[in-house]
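*Asks:* Could you have a look at this structure, given as structure tokens, before my questions?
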Amino acid sequence: MKSLQKGFTLIELMIVVAIIGILAAIAIPQYQNYIARSQVSRVMSETGQMRTAIETCLLDGKEGKDCFIGWTTSNLLAAAGGSTTNNATAADPGQGGLNITYALESTAENKIEATFGQNAAATLHGKKLTWTRSPEATWSCSTDVDEKFKPTGCKK
């Protein structure tokens, strides 16, 4: 009686495991970069929406606590230490937060500064993304995150 062999040999299984290991070694860092880039873009979008509220406050002449920004904090900013008061100071690095600095005059420089907290990717902890309004009423974005994570609209 002839016996039939079924299944894979040890060599075949080892080759499959090696291929999976190589693919994982390439894919995991790429995925981590993708996550960090998407988080920077998300914070840029979330904080960028506050520009309209700040413009409205400036046009209405409202100051500090009289100006309702109407923003729900982002879990990527981990709002510890952040504030939305007139001339707020920077949050504790690594803790994250949101600081909005604006003056009553529309000719002054106004800022929306977001600091990435502990819920963001490890490479983003303590990094900042800032929207700055010039006296000419134009907004620009700047950030200190690594170049490979910067969104197209925030390359400064």
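Including glycine, each Cβ sits where the backbone N, Cα and C put it.
Pulled the feature table from Swiss-Prot, pasting it below:
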- Phe8: N-methylphenylalanine (MOD_RES)
- 8-28: transmembrane segment (TRANSMEM)
- Cys57-Cys67: disulfide bond (DISULFID)
- Cys141-Cys154: disulfide bond (DISULFID)
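In terms of burial and nearby residues, how do these features look in this structure?
*Replies:* Cβ-based neighbour count (10 Å, all protein chains) for Phe8 (N-methylphenylalanine) stands at 11.
In the three-state DSSP scheme, Cys57 (disulfide bond) is classed as helix. There are 21 other CB atoms within 10 A of the CB of Cys57 (disulfide bond), with all protein chains counted.
Neighbour count (other Cβ atoms within 10 Å of the Cβ, all protein chains): 20 for Cys154 (disulfide bond).
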*Asks:* Out of Phe8, Cys57, Cys67, point to the one nearest Cys141 (disulfide bond) in space (Cα versus Cα); all of them are recorded positions in the record.
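*Replies:* Nearest listed residue in space: Cys57.
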*Asks:* With Cys154 (disulfide bond) as the reference Cα, tell me which of the recorded positions Phe8, Cys57, Cys67 is the closest one.
*Replies:* Cys57
*Asks:* Can you count the other CB atoms that lie within 10 A of the CB of Cys67 (disulfide bond)?
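*Replies:* Here the count is 21.
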